[in-house]
Amino acid sequence: MHFYYLLIFIIAATTLFSYLNYKLTRWPAPMAVMIFSLVSAVLLLLLHNLFPELTADVTDTMSEINLQDLVLKIVLGFLLFAATFRTDVMHFRREARPILALALLSTLASTFITGGLVYFLAPLLGLRLSLINCLLFGTVIAPTDPIAVLGLLRKAGIPKSLELQIKGESMINDGIAIVLFTTFLETGNASQGGSVLGHAVLLFLQEAAGGALFGALIGYLGLQALKTLNNYKLEILVTLVIVMGGYTLADLIHVSGPLTMVAAGLICSRGKTLALSAESMRHVSSFWELTDSFLNVVVFLLIGFELLVIPLNLLIAVMGLACILIVLVSRFLAVLLPFYLLRSRFERHSPLMLTWGALRGGVSIALALSLPAAMHRHELLPVTYLIAVFSIIVQGMTIGKLSNKLGLQRG
């Protein structure tokens with residue numbers, strides 16, 4: 001399908017489902033659009049035997065969409081910058097310790113716990129997965145996406161500190177998980193030898209620390225450029241250059257693009273009140289709010305329609321159900337580590353909320369699509385998809401009720 005028609009399909013479907021949500025359900029837009037697209041995909045699959053020509057165009061369209069590149073190389077940079085640019089840095093700094101503990105310790109712990117449990121589960125289902133394959137799956141499923149639940153959590157009135165922890169962790173753990181994924185992938189492809197572990201550690205440090213430092217530099221330079229302007233149109237263009245240029249350069253110099261965007265966004269957010277006039281601030285913030293909302297909805301739309309091209313069978317369904325439980329247990333155990341280290345900085349029921357509110361979305365599916373075929377992509381991709389769909393629909397739709405039941409109220 002021509003790119004222009006592909007773009008029309010995405011925008012039209014996004015608009016239609018957003019309109020239906022506004023009129024019928026008023027759920028958080030990303031969650032609602034994904035549910036509508038998922039239902040549409042199921043109906044198309046049911047109609048396939050009766051009217052194969054009806055589903056052919058949509059299936060072909062989904063086959064042509066490279067969700068891996070769309071999410072990891074284009075959309076993620078915009079989403080992370082938009083989220084950090086609109087973050088209150090002073091509040092973020094107050095919650096920096098629990099956020100960093102969750103993003104680093106919990107992501108690492110979750111990766112190894114999930115990988116270890118899947119390693120022991122797979123043979124019971126007749127799957128022969130190596131330890132490195134299972135650890136890769138652990139990194140695939142580690143990043144969280146709270147976009148769909150934050151609106152529900154705000155309505156439920158959760159404490160501001162917990163909201164910031166959920167949002168802040170997700171901004172950083174995307175980058176950490178992608179760095180871990182790259183590290184394990186290169187380690188798995190490396191020849192056997194004593195230098196493999198050392199190479200993996202150096203690669204992780206290069207990607208993570210290099211991304212943060214490069215992002216701080218890009219953010220600082222962009223902020224200086226913004227200070228010389230008093231034209232919101234040019235200022236929006238400068239922020240676009242920060243994202244598009246910074247993300248591309250990060251890839252070229254082999255540092256983490258997501259962490260580059262997080263650092264750049266926080267630097268720009270910290271200095272934006274001095275660099276932008278009140279009018280410019282209003283326009284620039286509105287632009288990034290719209291960009292954030294639209295791209296999130298697009299990603300969740302494509303997640304729903306991805307059902308048309310992901311192979312599913314009974315074995316995969318059973319493994320998916322088992323892995324849903326594994327992921328929830330792993331997440332809960334991983335959250336306990338920072339919870340007990342920094343207990344005074346967390347709410348009493350934070351582990352439960354941080355576990356049930358840890359939705360998986362486009363980043364996890366994009367990483368699963370990045371797996372080489374030799375590393376069991378055909379088994380791990382549909383399992384990842386089932387976990388993402390379960391988390392978005394079941395966890396996302398019940399997180400507000402859980403918050404109310406636990407009595408979490410904003411002070």
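Glycine is treated like the rest: Cβ placed from N, Cα and C.
TrEMBL annotations: computationally assigned, not manually curated.
Under the heading domain 'Cation/H+ exchanger transmembrane', TrEMBL lists 13-402. Among the features that TrEMBL reports, transmembrane segment is placed at 6-22, 29-50, 70-87, 99-121, 127-150, 171-190, 196-222, 234-253, 290-310, 316-342, 354-374, 380-400.
Stretch with the most C-beta contacts under 8 angstroms to the transmembrane segment (171-190), considering only 29-50, 70-87, 290-310, 316-342: 70-87. Sequence-distant residue pairs (6 or more apart) of the transmembrane segment (29-50) and the transmembrane segment (290-310) include at least 3 whose Cβ atoms are under 8 Å, placing the two stretches in contact.
Note on the transmembrane segment (234-253): residues 73, 77-78, 81, 85, 210-211, 214-215, 218-219, 222, 225-226, 260-261, 264, 268, 276, 280, 283-284, 287-288 of its chain, located 6 or more positions outside it, place their CB under 8 angstroms from a CB of the stretch. Recorded stretches compared: 6-22, 290-310, 316-342, 380-400; the one with the most Cβ pairs under 8 Å to the transmembrane segment (70-87) is 290-310. Outside the transmembrane segment (6-22) by six or more residues, the chain places 29, 32-33, 36-37, 61, 64-65, 294, 297-298, 301-302, 305 with a CB less than 8 A from a CB of the stretch.
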